[in-house]
Amino acid sequence: MVEHSGLDIMCLNKYCHSSSSSSSSSEHDKKTFAQIKLNLSGDYPKKNAEILSGQYGTNLLLIGAALMLAIAHHDPFVKEEHLLSLVTCLMILQLLWMMWYILARDRQKNTRTEKDVHATTCWIRGGLTLLALLSLIMDAFKIGHYVGYHSCVSAVLGVYPVIHATHTIAQVHFLWFHIKDVIKSYETFERFGVIHAVFTNLLLWCSGVMSEAEHFLNNHMRRLSALGYGNLTTGHSEPLCNCTTSTCSMFTSSLYYLYPFNIEYHIFVSAMLFVMWKNIGRTMDLSSNRKRLATKTQGLSVGPILGLLALASTIGILVVYITHVESLQTRQSAISMFYIYGIVLLLFMCCASASGLLIYRVDHIPLDTSKNPSRQLDTELLFGSSIGSWLMSWCSIVAVLSTNSSPPYLWTNCIYSLLLVVEKCMQNLFVIESLYRQPGDVESDDPELQSAPEIFSVTSSLAPPYNGIINRAYETPDKACVTMENEQEESGPVYRCPRKPSEVPLPVGNKVVEPPNIKRQILKNLSVFLIMCNISLWILPAFGCRPQYDNGLEQETFGFSIWITVLNFAIPLNLFYRMHSVASLFEVFRRV
């Protein structure tokens with residue numbers, strides 16, 4: 001009985017061991033499956049959402065580009081109405097997404113939303129609001145143009161400006177109140193919504209660029225025909241019917257003066273929304289996500305004066321060029337005048353950028369290596385948009401060196417093109433050097449100042465211990481700061497809130513360390529001067545001063561169709577580069 005009982009117990013133990021082994025194997029399989037599921041549901045959905053949304057937006061842009069190429073070729077089956085119908089549908093989808101996003105944020109108003117303070121600034125949003133107002137005026141002109149020709153044009157030409165105006169107003173509201181949001185909920189859906197907005201604005205930018213390029217090409221061909229270079233046909237820009245109002249010609253001629261502002265509006269909005277797309281699901285670094293102090297404007301004198309002088313000269317050059325390039329007798333002198341003025345302006349800009357770089361090389365301030373999508377995008381856009389101007393400049397240099405003709409502007413064109421390449425290289429270096437510098441408000445020539453202990457600082461590890469004294473600034477820093485402001489100076493508080501370095505110079509012994517203001521004032525003046533010069537170089541091509549169409553050198557070397565294609569690619573990028581440089585240089589001015 002004992003043996004039998006023992007056998008029973010042995011059998012029971014064996015059964016239990018088998019059951020335990022099966023159970024552990026099952027748990028191991030469950031853990032393995034859970035680990036695989038965790039791996040598949042970790043970073044892969046985020047990467048998949050980024051890639052899928054990026055591919056979605058890129059294909060939207062390519063669909064629009066395909067339609068624009070067919071319209072440019074004057075295909076009888078693809079008309080402008082088809083492109084406008086596509087863009088209108090995309091704008092309506094973006095409006096629905098923005099409405100959903102705003103309502104969703106309103107339901108979550110009790111939960112705190114993380115913000116990226118580097119995503120944009122008030123002055124950038126204010127500038128975009130001004131560009132948006134000019135775009136609304138352009139939409140009003142388009143509506144007036146449609147009313148005059150409504151009997152013989154498609155209804156899409158009337159619906160499009162109405163939807164575009166609604167889209168502009170809603171988008172400006174979104175940019176003012178939500179562009180800094182770091183999205184942490186519905187990330188996959190929001191990625192598609194934001195990237196849809198990015199590429200919708202890019203498609204609107206491409207559509208505006210195409211319309212503006214077609215307008216300049218028609219003017220160029222009309223000018224060549226007037227000068228006797230051949231009977232060149234131009235595209236029909238007016239509907240084939242009579243206008244029912246007396247203001248149609250005014251609306252048509254005014255539209256092309258407003259296109260540059262509308263084009264810049266959409267490309268800047270695309271860049272800002274792309275930063276928002278990059279911030280989706282991002283973990284913010286609180287140490288680098290701090291708002292900077294307001295920039296002081298003291299010491300500004302030489303930079304604004306020289307910049308205003310350059311701007312006034314630019315307006316004069318623009319008026320003289322437009323009025324004289326139409327005549328065969330004054331055509332060459334107008335082109336020569338433009339190149340001489342451009343050489344002088346670019347020389348001053350090269351000297352200003354080189355001086356700023358030299359000042360930064362003298363100061364050994366460490367670089368800021370924190371993650372900042374907005375700053376990284378600024379750097380990439382500066383380099384990417386420079387490519388168009390560089391291509392155009394090197395084509396001009398090749399044309400000058402290989403031509404058999406010798407117009408009076410031959411070598412001035414070559415020098416201007418070469419300086420354009422050098423100036424953009426120098427300015428890009430200056431801007432990137434400034435953006436990646438750590439914002440040091442107080443710079444000291446004394447190396448021991450950095451290691452001097454801050455006796456009253458609650459964050460200093462070298463502060464002496466407080467024996468029996470309650471450090472209220474450590475326990476409740478916010479309340480303590482408010483309380484200290486209400487205390488009298490005579491009472492002598494035992495703690496002190498940390499001050500911002502730029503407010504009061506730090507005393508060391510009997511010496512007060514003053515920040516070196518001379519270098520800062522020089523950098524501020526250089527930044528303001530470069531801002532005004534870039535505005536000047538944006539105004540000239542934006543409002544019709546484009547000697548690349550009129551000098552004939554590049555067209556003789558590369559042929560009409562190839563050179564026009566290069567210009568249609570390079571000039572929009574050059575316009576964006578100048579306006580983006582203005583924004584980046586203003587950020588440099590604020591950081592100094």
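If you go along the chain as it appears here, the first residue is 1 and each next one adds 1.
Glycine too: its Cβ is placed from the backbone N, Cα and C atoms.
Keep in mind that TrEMBL annotations are predicted by a computer and have not been checked by a curator.
It is 123-141, from the ranges 123-141, 408-426, that TrEMBL records as transmembrane segment. As a quick check, the transmembrane segment (560-577) and the transmembrane segment (256-277) clear the bar of 3 or more Cβ pairs under 8 A, pairs 6 or more apart, so the two touch. Residues 297, 299-304, 306-308, 310-311, 313-315, 317-318, 338, 342, 345, 348-349, 352-353, 355-356, 359, 427, 430, 434, 575, 578-579, 581-582, 585-586, 588-589, 592 of the same chain sit 6 or more residues outside the transmembrane segment (522-540) yet have a Cβ under 8 Å from a Cβ within it. Beyond the transmembrane segment (123-141), the same-chain residues lying 6 or more positions past its ends with a Cβ under 8 Å from any Cβ of the stretch are 161-162, 164-165, 168-169, 171-172, 175-176, 179, 251, 254-255, 258-259, 261-262, 264-265, 268-269, 272, 583, 586.
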